[in-house]
There are 2 protein chains.
Amino acid sequence: MMDHLVETNSVPSRLVEERLDEIRRVMGKADDDPLRIVGVGAGAWGSVFIAMLQENYGKFRGKVSVRIWRRGGRAIDKATAEHLFEVINSREELLRRLIRRCAYLKYVEARLGDRVLYADEILKDGFCLNMIETPLCPLKVVTNLQEAVWDADIVINGLPSTETFQVFNEISKYWKERVNAPVIISLAKGVEAEFEPHPRIVTPTQMIHRATGIPLENILYLGGPNIASEVYNKEYANARICGSEKWRKPLGKFLRQSHFIVWDNSDLITHEVMGGLKNVYAIGAGMVATLTKESATSKSVYFAHCTSEMIFITHLLAKEPEKLAGPLLADTYVTLLKGRNAWYGQKLAKGELSLEMGDSIKGKGMIQGVSAVKAFFELLNQSSLSLQHPEEGKPVTPAELCPILKMLYRILITREFSCEAILEALRDETMNDPRELIEIAHSHLFFQPWLLGQKP
Amino acid sequence: MMDHLVETNSVPSRLVEERLDEIRRVMGKADDDPLRIVGVGAGAWGSVFIAMLQENYGKFRGKVSVRIWRRGGRAIDKATAEHLFEVINSREELLRRLIRRCAYLKYVEARLGDRVLYADEILKDGFCLNMIETPLCPLKVVTNLQEAVWDADIVINGLPSTETFQVFNEISKYWKERVNAPVIISLAKGVEAEFEPHPRIVTPTQMIHRATGIPLENILYLGGPNIASEVYNKEYANARICGSEKWRKPLGKFLRQSHFIVWDNSDLITHEVMGGLKNVYAIGAGMVATLTKESATSKSVYFAHCTSEMIFITHLLAKEPEKLAGPLLADTYVTLLKGRNAWYGQKLAKGELSLEMGDSIKGKGMIQGVSAVKAFFELLNQSSLSLQHPEEGKPVTPAELCPILKMLYRILITREFSCEAILEALRDETMNDPRELIEIAHSHLFFQPWLLGQKP
C-alpha cells in the first residue's frame, strides 16, 4: 500500500455502524431484515464500488448483505490466467488469503492451462477482469439476475450505458410484484442519442426509468474524479451523488468514507451528461498527448478548448447547468489525463490499436467515448437545431461550433481522417478564443429543452 | 526538432512584412525610422519572447530593431559552462553557427575553466541562463539600461514582479524628455501586497505605471499557457494580450505567429492577478504530485479545489472577472502541470530543496509563487476584510475560506508544517464542495473594489 494513504481504520467502527443503522431506518428496514445492496455489472468501477461497501459494512452480518451480479460463463484466456498468477504470487497477504480459503490451486491449474477459469469465479476472490492489477476483497457473486435483484433495496448500476436498458428491461420482470420500489444509484457514464419523434439525448438514469418504471425520484447518479484502482487503493477522492433530495442526502452520508468524500447535488442531468461528454474529449486528449510527446502546452490548450465545448453543450441541454467546477472539473481533468478513453486515444495515435478492433477492448472493457462521439455529434448536427450564428449571421448547427467534437467524429466514426487531424483542429488559425463559445452558451440562444426530453 | 511541429515558414514573408508595416503605421513611425523593440529582463519567457520577434521580423533591417537588456557582470559557474558545452556539441547546426561567427572557442575555454563567461555574453549567442537546454537565435544584448530603453517604441517587461518597480523606476529617469510615450507589454506574473493606506494588491502593470507615469492605456499584459521552451520549439500555444482597445488589437496581430495565436481581452487585471495566483497553487500541485506518486485522482481533486479558490479570489477583486476558461484555464492547467513553480513544489516535497535556500534557484530563476503566497494570504487575511459567513454566520476573512492557500502559507512562509500537510488540507473531511465557494463568489458578497486600488 502507498505510505501516503489515509489510514483505513481512521473511522471508528461504532460510527460506521451508526451510518448503517441510519440508512436502514430511512429505508424502513425491520430489525431482523438485512439491507440488501446489489451491484449490477462488474466493470472496474462497479466492482470497486461494491468492494468498498463490502469492506466498510460487510462485517455487520445481520444488518446488511452486499452482492454483485455478473454474467456467468465468461472464460478467462491463458494470457490473463498467467497475468493473474503473477499478481497473486507477488502479493504475500493475497497468497496467504487464497491458501487459507483453499482457493489457490485453481489458479495454478489455470496457469498451466489444465483448467479454464470463469470471470464470475475469479470475481469471488476479488479479481475483476478489467482490473487484474488491483485485487479487491472477496465478494458474494451471483450469476442469476433474478436471484440477485428480486429483493434488492439498493441497486448500483455498474453497466456501460450501451447495456443498461437491455439488462434493466429484464430486471423489470423480476420487480413486477414488489411492494416498495428499490433505490438505484447509476455509475454509468455514457449517453445514447434518439432521433424520433425528435432528436434527443437519453442518459442511463432515463433508460433505467423507462425500462423499470421505477420513479425518477428513486434513481440517482454518482460521478466524480474516480479512477477505480486509485480509489480502491484509498487515494483521496471525492464524488457527487445527484438526484432527489429525499435520497441523495442520506445516501451521500452512507457512501462516504474518510478517503472518499461524497457531496450531493440536485442537477442530475448535467452531471450525467458531463460524465458521458468527457469521455468524448478524453479520447482526443490521449491522441494529443501521444502526438505531441506529452507537450504540456499542447495538452493545456486542448484542455481549455474541450472545457469550453463541454460548457457550451451543457448550456444546450439545461438553462442553468451546474458549473464546470469541483468534482465535475476534476472528473474531466482526471479522465483526460488517465482514464480508459485517454488510454484508447493514445493507443490509436501510436497505431497499437485500430478502429477495426471495435470499442470493447480485452482487459480494459468498453470504451464509452466512441459511442458518445457518435451520439453527441449526430444529435447536435441535426439541421432542426440550427440557429443564426451571433457574429457570422448564417444558420449553423451547434455541432459546427465544436471543432474538436466535429474532428473526433470524422476520425473515429466516418474515419475520413487519421489521428493527426486532431492537431490541425486544435491549431486552426481561425479558431476563436474559447471564451466566445462560452459567451454564446451564456446567451441561452441555443438552449433546447426537448434535447433532454423535457417540455420547453 | 519534434516532427509534429507546425512548419515555421508557413506564413509567407510578404504577409509578415505587412504586419510590421501595419504596426509601424499605428505607432506613427517615419519611413526611415526603425521600430525599436526592447526586452527588459532576460528570464526564460522574456528571452524567448524577444527571440521570436527577432526571428520573425529581424530580417527587415531598416524597419525594425530588436534588442534585449540584462544586467552585465553575472558570471557563469563551471557546472553551467560544462552543461553549455554539452548542449552546443550535441547540436550540429548550433556548432556550425558558432564556428561561422567565430564565437565557439570561448565556450571551450570556459569548459576548461580557463575563462569566465558572463550571462550577457552567452545571451548574444542565444543562451539564456535559465534555459540552457533550449538555445535561441543570436540576440542584440545591451547591458546599459539607458542605452537600451531611452528611444524604445515597444518595451517587453520580462522581469519578475519583485524587480519590476525598481528597474522601471530607473527607466523613468531616461524617459523624462520623451515626446511620445512608449507602449509596454508586461509578461510578469507575480503580485505584491500593500497594507497602507489600506490593504491592496499591486500588479506589475500598476507598478510600471507608478514608476514611470506612462498612462495605463499604454501598458498591456500578455499571458497564456506558455512554457517558454515549448513555445520556442514551435509547439502550438495561444495567449491573450489584455489592456486598452487602442493597443491590444494591433499588437495582438503583430505578435501572432502560426504556432502562437494571440487573442485580445479587455480585462487586464483578472488576467494579471490570475497569472500571479496560479503560481501560488502550482507549488502545491508539485507537492501533491510528488507526495501521491503522481496519482491522477489526487491531482484532479487538487485542481478542482484550486480553481474554485482562484475563482473566489478573482471575485473579491473584480465584479465580473473574466471566466476561468480558454487561455486562463489552460495557463493554470499547464503551470500546475509543468511550470517552474510546480517543479519547486516537487523538489521541496522530495527534500532535494529546502526553504532556507530562498526562492531564486540557479538555472531556474525566480520562484514567483512564494512571494505570491505571502502577498495573497496576508492581504486576504486582513480583519478589515472579514464578513459574515453566509452559512456559519460568524465573521470570517476571505483567506479562511481558502484552505489550500492558508496551508501553503503555513508551509512556505511561517513554516509551521512540512509539505505533507498539503494532503491533509486537501482531505479535510469538513471540506465543502468547491461549488459552494463559487456560489459565495457569485453572490458578490465579498467584492472589495479598493483591493485593486479602485474606488467603489
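The backbone N, Cα and C atoms fix where each Cβ goes, and this holds for glycine too.
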Candidate from A:Lys140, A:Lys173, A:Lys176, A:Lys189 that Swiss-Prot assigns to the same substrate site as A:Arg340, A:Asn341
A:Lys189
According to Swiss-Prot, A:Gly41, A:Ala42, A:Gly43, A:Ala44, A:Trp45, A:Gly46, A:Lys189, A:Arg340, A:Gln368 bind NAD(+); which one of A:Ala152, A:Ala228, A:Ala304 is annotated to that same site?
A:Ala228
Excluding A:Lys189, A:Arg340, A:Asn341 themselves, which residues in that chain have a Cβ inside 8 Å of the centre of the Cβ atoms defining the substrate site?
A:Lys278, A:Asn279, A:Ala282, A:Thr335, A:Gly339, A:Ile367, A:Gln368, A:Gly369
Measuring Cα to Cα, how many angstrom lie between A:Lys189 (NAD(+) binding site) and A:Lys278 (active site, proton acceptor)?
9
Within its own chain, what residues at least 6 apart in sequence put their Cβ under 8 Å from the Cβ of A:Gly43 (NAD(+) binding site), listed in sequence order?
A:Cys128, A:Asn130, A:Gly158, A:Leu159, A:Pro160, A:Gly365, A:Met366
Which recorded positions are spatial neighbours of A:Asn341 (substrate binding site) here, meaning Cα within 10 Å, out of A:Gly41, A:Trp45, A:Lys278?
A:Lys278
Distance, A:Arg340 (NAD(+) binding site) to A:Lys278 (active site, proton acceptor) (CA atoms, angstrom)
12
For substrate: widest Cα to Cα gap among A:Lys189, A:Arg340, A:Asn341 in Å
12
Going by DSSP, is A:Trp45 (NAD(+) binding site) sitting in a helix, a strand, or coil?
helix
For A:Gly41 (NAD(+) binding site), write down the residues of its own chain that are at least 6 apart in sequence and whose Cβ falls under 8 Å from its Cβ; none is a fine answer.
A:Trp69, A:Arg70, A:Asn157, A:Gly158, A:Leu159, A:Pro160, A:Glu163, A:Val167
